[in-house]
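Undergrad: Have a look at the structure that comes next, please.
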Amino acid sequence: MRSERGLDVVNFLLADVQGGVGPFLAIYLWSSRHWDATQIGVVMTIAGVSTVLAKTPAGALVDRTSHKRGLVAAACLLVAVGASALALFPGFWPAAAAQAMVGACDAAFPPAIAAISLGVVGRALFAGRVGRNEVFNHLGNVVAAVLAGLAGWLIAPVAALWLVALFASVSALALRMIDPREIDDRVARGLDDGAGESKRRSPNGLRIILESRPLLIFTAAITLFHFANAAMLPLVGERLSVGEDQKGSMFMAACIVVAQIVMIPMAALAGAKAGTWGRKPLLLAAFAALPLRGALYTLTDDPAFLIAVQMLDGVGAGLFGALFFIVVADLTEGSGHYNLALGAVGATWGAGAALSNAVAGVVVDRAGFDAAFLFLAGIATLAFLLLWLAMPETLVATPTARRP
């Protein structure tokens, strides 16, 4: 199917666009502009807050619009503008404004790509499609990280920002490979093929979240998870770049590549086995990797060791990246508000991630890197315990395939 091939290409290209300029911005501001950890944390937090504020309306918009490709294309082009502005105007306030725009655009990508995928393949094949999306996304991240690292090393750290702008522009063009006629908009918003009129006219999508205890538990657990996770990679990058300004981008690229290589089989595993092993065992494995990773970061400053520890990031993020979309689909099936739920749940985890960078930056400035990593590992342990003790299994009988 043409649209499935298009999804492969788009997910590959979007890898360097989703999440904005991310950790490479931290390296650029730290090594080239000599910002302190608190300033970097604040600017990265601005992007996170902007994403949080935009996630729920973005999800609702994806549910309502039949122009999902156009929505993603517009977001890509605005990310390109924002990344270019960060490269050209690196002062605090221009950077803050650009990050706010990039963060708002980033809110549209997860629900829109998930909706397009669900609308193309149907509910029965969705887990496998999500796993495939994540595999291509991680492959794209490997390529993008290598290119960004080489560009930062051979040219300058700012080159990584220009690379994001390039990938964003090409992603907007690649969306034309997805045929809008192959997207079932009703299925894309989480309605069953045989959903009744009452479900199609559900008056309050947020009620789905507020009245679902499992969804509330899942939301709380992943918020803690992302509070613990979001700051770890930027902090590792800052630690590795101390006294190594020119090599900072290469070290960051190595961290990303190691994690992304592990994420590829983990995402494939989640897509292939979530329907037989269940969602919860795989989620527990993802959550268990995070506190261990945070603790290991405190053992040494050796670059090879710190980069190797990033394999645990690959386990956690690789499994979670696919399972998030699958679990929310389980808990909202037939509601017609799947993408709104994705946005609202994603907003809470985005809040945790945004606070993570700001809080961890302050801890580093006052107590050092080791204290920050142990603090984040403690939060990650709480997330694991909540998931283990309170979250039920969400796997239900496999629905009938919408398409052969």
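Backbone N, Cα and C define each Cβ position, glycine as well.
TrEMBL: automatically predicted annotations, no manual curation.
TrEMBL lists these features:
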type: TRANSMEM; residues: 12-31; note: transmembrane segment
type: TRANSMEM; residues: 37-58; note: transmembrane segment
type: TRANSMEM; residues: 70-96; note: transmembrane segment
type: TRANSMEM; residues: 108-126; note: transmembrane segment
type: TRANSMEM; residues: 138-155; note: transmembrane segment
type: DOMAIN; residues: 207-404; note: domain 'Major facilitator superfamily (MFS) profile'
type: TRANSMEM; residues: 215-237; note: transmembrane segment
type: TRANSMEM; residues: 249-270; note: transmembrane segment
type: TRANSMEM; residues: 305-328; note: transmembrane segment
type: TRANSMEM; residues: 340-359; note: transmembrane segment
type: TRANSMEM; residues: 371-390; note: transmembrane segment
Undergrad: Which residues of the same chain, at least 6 past either end of the transmembrane segment (108-126), have a Cβ under 8 Å from a Cβ in it?
TA: 1, 3-4, 7, 10-11, 14, 17-18, 54-55, 58-59, 61-63, 68-69, 71-72, 75, 133, 178, 182-185, 187-190, 192-193, 325-326, 329, 333, 338-339, 342-343, 346, 398-403
Undergrad: Counting only residues 6 or more past its boundaries, what in the same chain has a CB within less than 8 Å of a CB in the transmembrane segment (305-328)?
TA: 110, 114, 126-127, 130-131, 133-134, 137-138, 215, 218, 222, 225, 229, 232-233, 236, 239-240, 251, 254-256, 258-267, 269-271, 274, 279, 282-283, 285-287, 289-290, 292-293, 296-297, 299, 338, 341-342, 345, 394
Undergrad: Give the one range among 37-58, 138-155, 215-237 whose Cβ atoms make the most pairs under 8 Å with those of the transmembrane segment (249-270).
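TA: Per the Cβ count, the answer is 138-155.
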Undergrad: Could you tell me what the rest of the chain brings near the transmembrane segment (138-155), counting residues at least six beyond its ends with Cβ under 8 Å?
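TA: Counting only partners 6 or more residues beyond its ends, the transmembrane segment (138-155) has Cβ contacts under 8 Å with 11-16, 24, 27-28, 162-163, 167, 246-250, 252-254, 256-257, 260-261, 263-264, 267, 318.
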